[in-house]
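Have a look at the structure below before the remarks.
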Amino acid sequence: MLLLGSLDAQKVGTDDISVVASNHSRLTAFSNVSSSQGPLPVTRSGHVDHLADPTTFGVHLYKDQKPLRGPPSSPAGYTLFADCEGFFTGAAQTNAERLTSGQGITPAEEDALEANLLYKEPVTANISTQDGQGRAESYYARFLYSISDVVVFVTNEDQNITSLLTSALEWAATAVLHSVNYPSRKTLIIVRNGAVGQRQQIIDTESLERLYLDRQTVNLWRRSGILQTFVNDYNRRQDKYSKHIYDNRDLYDVLFDRTLCFCIPRVDDIEEYRDEKAFAQYLGLRTLIDEASRRAVSMRSQVWMTYDVASFSQMLFAAFEHFRTSDKPFNFNQVVRISRPKPHSVLGHIANFLRLAMNTIHSRETKAMIPDIIALNLVVWAMRNLHQVADPEHIFDSVPPEDENDVSVADQCHSAIREFEAKYQQCGFKFASCEPCINGPVIAHQQLHLSPNNKQANGSFVLRQVLDPNLVGLIRGKFLDHYNTVVTEDRSGRRSMRRPHPDKIKRVREAVMQKYWSHWLDMTSNTTCLACLQAVPENVLHCGHGYCVRCVRELGKPSESFESAWMFEVCSLCCRRTGENFSHLIREPPCCAGVRILTLDGGGIRGIIELALIQEIEYKLALGIPFRDYFDLVVGTSTGGIVGLAISMGDKDADTRTSVLTKAFKSFASATFLHRRSGRLLERLGLGHFVTSVVMSFRLYQAQFDSSPLQAGLERFFGEHTSLFSSARTRHHQCSTRVAVVTTKEFGKRAHLITSYNRATLGSGNDFDREDDEGRGMKIWEAGLATSAAPFYLPPFKKTETGNVYFDGALYMNCPAPGAVEEVKKIWPENTPSLDVLLSLGTGIQESEVKIPKAIRIGGFAEICKTFHEQLDCENQWENFWSSGATDGIRDRLHRLNPPIDEDLQKVALYQWQKMDDLEAMVQRQMEEPDWRARIGHVTTALLASLFYFEPDAEAPLSPTTPTPIAPGAQDEIVPTEIQGTIRTRLRHGSGELSRLLNQVTGLSWTKLSASSRGISISPSMQHEPWTEVPAFTTIKQQVLDAGCAFRVPVHFTEPSETKSLLVAVRFRDSAAPLPISGFPVSLQNLYAKARAWD
């Protein structure tokens, strides 16, 4: 038995296992089992014939139901067990091998085996060429031992103990030779379990140790070629003779952290109080196991390998896949990827910058650059966060009064350096062949050097790059220089007490950064904005450098064509031009605007329905702008993910016309589903689509269709090398609409988003990743393939550079609307924008019948199938979201378009590409019906209204003219009573689309809502004050139409009451009631807070 580790879990109340009296119910259960004369239970599988057909080849993985208790300060956790049926497996085959070969298996037996098989993949590593015992033991040793904390060796054969322990040590030796970077060796517990004829005096631990460990007079490796090879290899790599293996105890100490012995007597050999004494021994063993598990957890907590249930599940899957397919050592560093940058604070971004600077080809020349750039960006931090000019020495050396952590700028620099050295510093050791050590960083090195060719050598970590020991002092000096340069007046040469003008700060920043333009050429990051070292980048230029939103506003030039947009002619870091005849345009949501969301369901070829709906909406909108420009966030699942990517990113030429996308979609679908490759078993069972989706999430069956045609189509359409996150690298174009596709990991157990954007904070959840190195990032076609890997129909997608395996997002969220609403909070956690409109497009409503084959009506699998069927029901998910997930405040902004599929089309499966033209014609016909025309009308007017928004004046004071009294201790809080600004649009100045929009508008007006008006739709029952017309609208509208000037309508709001909200609305010629513009209704306080957030 191997204990695979203690996993963090919520605390579950339980009794203390060390007190027998508190375990009365468990003792009763034990008595009943022991009196039945049968063996104690071992968890196997849910198969009806599980005694004859174990779940896998002798290994049973299950979670112990009792939580492991650690110290009071540590969380409780569950112990995960892997139960292995001994070493002597003979010439057995795994179930997967038996099914693959098909030799001697009847169809009925094949059905039964597949029904109980949770993973059907053959072992393709070279060990698979061995037979029987050798293959099984080698595989178990490499896989199970490599990820376990405790090894429990159970035996009842005293006469064969030497040979048995030799086998156990061979297991361990084989695993040690094939695993690297595991920080804690295991505890070995040898259990003497009911040996025949044992005596009472053998029960104590010391006697057992003498019996099992000390009585061998011959070194065990003399009788084993495996152990002899291990000992020779180990001794050869030791630089001191004192560390060599000389006797059996040395061998145990090398392979195991501790070796313990324990006895479980036969109940019949106990003279009195049999059940109580036997149960006490079981509890004693369990206590020993728990202590060993806690010891391992403690050892891991001191280094890098701490994990929770989700991360351990990923590690388990990665280990299984590695040993199934490879003979190379399993490198835990690469699985856990401790060195992957996920900065979430200023010191984390500085540490990541140090990593990049020290790993460039100019690493020697960067010695001057490092303190200069860090100091510059600390000045930027001071300008952004401090309310007034102060003494730079005081800023750097003292703790800010508002800092709750008592950390000065100098302390943060020291912490950033320590994080770099612990997390990113690489080992400088070189082998005799001049190969470098790739085993790092220092917290994961574990006194082991590893070459790219898997050579190993013991030894301490050697620093590859050495930072200047006075680096913080150098940063301090540069900080004083840059700060004084920024705050010193150009004419008088005196330090000004006013905050410097933004243009002055920009000039100083660019002058310092561009001194190192050649260094920046080889230094890019997808997780750190190198222009400020304070946030994640969001907008990537053609040169590959990404800028956070704030740096875009500070370093970019305001666009003359669009509102809330900035231009970059050259990169502020490397000085590269963004294009020959154009500038790089970056558009961001306005500070006071709301958010507009489009979600697209999964459904295979029925995605043509979503494209047909989009064409109908575009025709009604009639502005002639790309459909993506009506939305800030697009989220799609499966086929909806592909449609969302196409709408947002366009084809390889950035063409987003829906007609082009529709033609490409039909080509994808027909090529992908033209030829089926399913086997005889699937044809015989006739599984329904929901059942096959479930079982394919566990890889029970092979995919029906090859994904190669889909991959080829996606590559041709999007471009083979176009990045999802940084498309401007190849296209000279940055998509302003954020897009995400839903996929799953770990056989569909964990949802995952693949996005074109960064969240505000990286590492806050396990459903989002961003590779710092663009070479490992997702291409657009890869994201499409990952989200659409429909179980049973298409195989999972494996990302070659990272090894991550992705499954269809429908396994978790086939209707992504609820997840999209939550995602808004993660993209904009501070001053989260209100919802303007959420448009959810479905792939058609049709009835589906739940058919569960008899072959899998076991072990609760029928209930799993029914549950999963509900998960695939998008309409049911939408109804649940509408009724319980959506709040009253947003329900009026939700729009669902999901037409019923005509009965004459029967049930349209996701692979029936021949029916796409019929589905497209069906949508066009249904949209002519009055009910659907009205629903399309509601959607289009809401989208048109959201093109207008309020922008506060930058020059005008936002503070109140008559301040409202504030509570003591809150002097910094300002309760505003007025704000002024302009109403603007998101469209290009002087464009035809702006003229077409304004020609549909008859006026702008605003009112005040009472606190009881919870909804945000405008209805006769809504309690509001009389409407106030915006008088300047008519004049400004005419100027725009006649002269093509910018649309900016001045407006001034006053509201002394904190219980009322402002509502600004637009009236359309064909609309019965005014519609709220983007971001409204909103309280004056919230409006003021959003405006200040951009200061």
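Cβ atoms here come from the backbone N, Cα and C positions, even for glycine.
In TrEMBL this protein carries:
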{"type": "DOMAIN", "residues": "529-574", "note": "domain 'RING-type'"}
{"type": "DOMAIN", "residues": "598-821", "note": "domain 'PNPLA'"}
{"type": "MOTIF", "residues": "602-607", "note": "motif 'GXGXXG'"}
{"type": "MOTIF", "residues": "636-640", "note": "motif 'GXSXG'"}
{"type": "ACT_SITE", "residues": "Ser638", "note": "active site, nucleophile"}
{"type": "ACT_SITE", "residues": "Asp808", "note": "active site, proton acceptor"}
Practice task
Take the C-alpha atoms of the residue listed as 'active site, proton acceptor' and the residue listed as 'active site, nucleophile' and report the distance between them in angstrom, rounded.
Solution key: 6
Fill in the blank from the handout: Simplified DSSP label at the residue listed as 'active site, nucleophile' comes out coil
Practice task
Report the DSSP secondary-structure composition of the domain 'RING-type' (529-574) as helix, strand and coil residue counts.
Solution key: 7 helix, 11 strand, 28 coil
Completion exercise
Per DSSP (helix/strand/coil reduction), Asp808 (active site, proton acceptor) sits in strand
Problem - the motif 'GXGXXG' (602-607) - residue tally per DSSP class, helix then strand then coil - result: 4 helix, 0 strand, 2 coil
